[in-house]
């Protein structure tokens, strides 16, 4: 039994707990109720705040408040719910006021600007600046002293600057002089380098070189030359060195620099004649001439050895090859520029000395000198001299360029081929000239390239000009795009402005639908106000027909639920009169303005009755009566304006009709008069004789006579037909055809003259008949 009782107690406890759980509210539903209460209260607060801002004139703040309230209620109840109608109505009303404020041209642009604060800031800024009137004499004297001290310091600084600038100019002059000296040093550097390289070895060979020189100048004795040659070879064999012709040439080069005055004159002549060549190139040409003379002095030694027969030909060839290689090595190490004209001068000088072999570089290549010492004939000395004189006289360089071409081609030949062909020492001079010829070739090519560069520069400028034009065209193409963007931005701004009206229309239309769905008086009156505001939106968007419809709908609803003396009716009549006036319906406008005045007068009468019945204060009634009295003159002015515009409109219509009638009559009367005259003229000849018909026919022909302009192309064709056989060598048929054309033209002219005379006679006969009738 105890167990059963405990089980029953447990079951009862479970049932009680279950009932308690069912009675307890769910936490989610309670939270929803709290949220709903918060949303409604918040929406009411926002609506009150928005109406306050709307009354105070803070339209943007009112729009924000109504927008937030509408969004809260729309999220909770849905956009078409009855609870959202009021929020949507006030939101649309505030948007309408905002659109009016944005579109209003005569609005207060300085609204919200604190002018007094700006004036106070200006006074504060002015107070910071010292006034001259408030400054004492002592302060003025102190200021003067400070100014004078500052001026003196500036003058002292200027003087120091001038003194500093003078030594700087002196330093610049010295630096320029040093630069000039450095350039001279640069010019003389190759010669000094040659002397330094020659000094250690040339002292050992002074005796042999002097003997070789003495043998070359008087008569080139074969025995002395041979002995000098053997001494040179003995020295070379003792020291274990091969003879280097470059060392001998460098030694004799230094001696010729000390003795040769003619060479100096030859160095100066190219400087005088060729102004376009730089100074350094001229001096280097002089150095090459010296080397050529040294070779000319050394050549007889080698040739005399060949004549004497004391040495075999193989040794002579080896010595020649060694000399050629040494000269090539020395010349390749030096930066010497030579011209073929200078080489020709050197060849001419060598030919003047007796007993020496002439080495001339002709146009077609180097000429191998003859081994005989007696009779020696130059290959082309006159051509080289002519080239020299032409260049000295300042003639054109084109001939020299033409002569340089084969010499430059010879530079491509290797040295070994010239030695194998037995060119000997003469090839060394050609090799030296041809080795330096590529540099001249570069110079000549540069001179030839100058016009090409000029043309390229011109083409580049043209291309740049075309690029600039393309850029300008691109800019011109871009500018329309920019203008399109600007137009789009303006359109967007306009859309934003129109967007406020559109949004206001949408909100008010939604509020109208919500209120019309309800059958209460308050909802219907809100629907009437929605129609009124929709009409105002239509007026702002200049859709006056729609505005009239909306105002009439509003008026119909108000007449159902409002008394005849209500001020809302007066407002609706007034707005409807404005819409009619904007739509040029002045009669209806005057009628609506009159109805508005009637409503106001009824309201004033009702207020006076209420004042009599009331026992308390009459301030409220008196205040409203004064407001209504102030409205009456404005409405009456609107009536007068409508009547005047109606009169002016009628006058304008009459004037427009008159102008239209005049234009129509002026367009048709001349043609009618002409038709009547033509009919009269046509009837009279029919009543008369048949000859009048002939007269009319002749006049018809006279009007269509040919003009001289039609004859000119035919005459031109006839002239062309006459000229073609003469120029192209055609047959006489074309000439005959041209004559036939001219004869036809003359015959036509005669026929025209006869027809004109016949017409004149017929016309005179017609006039006589008409006078007789």
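Yeah, the Cβs are placed from backbone N, Cα and C, and that goes for glycine too.
It is 301-321, from the ranges 70-90, 91-111, 301-321, that Swiss-Prot records as region 'Disordered'. Swiss-Prot records phosphoserine for one of 379, 466, namely 466. Feature annotation (Swiss-Prot): of 42-68, 258-284, 501-527, the stretch labelled region 'Disordered' is 258-284. Outside the repeat 'TPR 1' (43-76) by six or more residues, the chain places 36, 83-84, 86-88, 90-91, 93-95, 97-98, 101, 507 with a CB less than 8 A from a CB of the stretch. In terms of DSSP helix, strand and coil, the repeat 'TPR 1' (43-76) has 32 helix, 0 strand, 2 coil.
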